[in-house]
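Engineer: Pasting a structure below so you can have a look.
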Amino acid sequence: MNSEKPDYNYLFKIVIIGDRKTGKTCLMNRFVENTWSEEYRQTNLLHFKVKTIYIDCKIIKLQIWDSQADENFRFNNNNLSNYRSASGFLVVYDCTNENSFSNLKHWIKDIKLYGRPNAINIVVSNKSDLVNEKVIDSDVAKSYCDSLEIPFIETSSKHSSNVEDCFVLLIKNVMKYLETEPTIPQQQQQQQQQQQQQQQQQQQQQQQQQQQQQQQQQQQQQHQQSSKTKIGCLIQ
């Protein structure tokens, strides 16, 4: 049987994470459906939307997941499977909310702990349209992201400013990684080889220690026999 070829070149799973009320759902809706609502609705169920885009003459199919945040605005176990299978993350904070910016370090740490080794992430400063309410300076945010070597972009889902650009930036970085870095199976193979080498080294060290112990025991036995022989000669 001939299996049908997919109608895309790449399939990427993108997860949007960050504190509550940072506009994660609005970003997804604006990008996928070009809609926006001022009414806040808490994300209680895991859900995703699909969008196909074209980048560098490639057809990219995206699965975009809206994540949950628990009552402490932190990692929720319901998101674990999404973290493990995500190609990239949009880490969103609200530029009018200082706590959401301070919590970036926790979200980025969660990606390292629970995400794939080659997952790509970018930081998104959302609600850039609220100029008079802004409390996080753009230069401060960019400097922080530069120190972590993470791309940074400002968006407004309300005005549709840079919304598409933030997704395209993430996808281009994912594609760049795939072109320049080893795949996950290759990484796993390298890790297995390293583990095997370490095990072999440990076995060799154990064998050497056993040989040394045997030699010491033989020397002790020889010394004891020699002492007994000398004592026997003296008695005679």
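Here the Cβ of each residue, glycine as well, is placed from N, Cα and C on the backbone.
Quick paste of what Swiss-Prot says about this protein:
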- 18-25, 66-70, 126-129: GTP binding site (BINDING)
- 40-48: motif 'Effector region' (MOTIF)
- 192-236: region 'Disordered' (REGION)
- Cys233: S-geranylgeranyl cysteine (LIPID)
- Cys233: cysteine methyl ester (MOD_RES)
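Neighbours and distances for these, please.
Structural biologist: According to DSSP, Ser67 (GTP binding site) sits in a coil region rather than a helix or strand.
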Engineer: 10 Å Cβ neighbour count around Lys21 (GTP binding site)?
Structural biologist: 15
